[in-house]
Amino acid sequence: MEKIMSNKFNNKVALITGAGSGIGKSTALLLAQQGVSVVVSDINLEAAQKVVDEIVALGGKAAANKANTAEPEDMKAAVEFAVSTFGALHLAFNNAGILGEVNSTEELSIEGWRRVIDVNLNAVFYSMHYEVPAILAAGGGAIVNTASIAGLIGIQNISGYVAAKHGVTGLTKAAALEYADKGIRINSVHPGYIKTPLIAEFEEAEMVKLHPIGRLGQPEEVAQVVAFLLSDDASFVTGSQYVVDGAYTSK
């Protein structure tokens, strides 16, 4: 990460979940570089603090927060932490998630289904439920939800994940309509297979074949799209689904 070079976001405050690694981390670093005060939230506080230390060492503003996004009270506390630490909340990137069990629908356990829905869908609702009032109180802002290409198409053997991400897509659209005239823009980002810990267990060569571009995506490439959607450059963009997938879904 380069030293802080701009104040493009005019001293805005952002809450990012799942920010201890992968796309969330890359987005936290990029936003900090552009002058955003970032709450780096993750279920792994040590990982979150490492990201904060990196940001602060380079002249940015950040604070670590431990939160299990599947627990409503944790998200309430995360939003309160953002406001108490930096004075307001203007931006949110609801990014935390898990892949869950890889099994056919009949073999997917009930517990596995509930967990993947809770972490990937319910958690986004819990997050927005508490973020929206804070953002309204700050005079408006923007939210981006991570929904994956699995929120647009079917993928076998991860039915719970696919269902959850389709739910995030729908939730994003509904909320965008509710707050379009109230000063909050809400969009979703839909990455293909990105080189993050989420897909570390899979064979990379096989995943590369799924993308006509001939490679996997990098977290920084998704972060650039998220930063755009959170910025005033996207002032007329709300209720949209931004696909970052190397043409995966164009086949």
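Keep in mind that glycine also has a Cβ here, set from the backbone N, Cα and C atoms.
What Swiss-Prot records for the NAD(+) site is ASP42, TYR161, LYS165, ILE194, THR196, and among ASN7, ASN95 the residue it adds there is ASN95. Residues ASP42, ASN95, TYR161, LYS165, ILE194, THR196, recorded as contacting NAD(+), have a largest CA-CA distance of 20 Å. ILE194 (NAD(+) binding site) falls within a strand when secondary structure is assigned with DSSP.
Taking a C-beta cut-off of under 8 Å and a sequence gap of six or more, THR196 (NAD(+) binding site) has these contacts in its own chain: SER21, GLY22, ILE23, PRO219.
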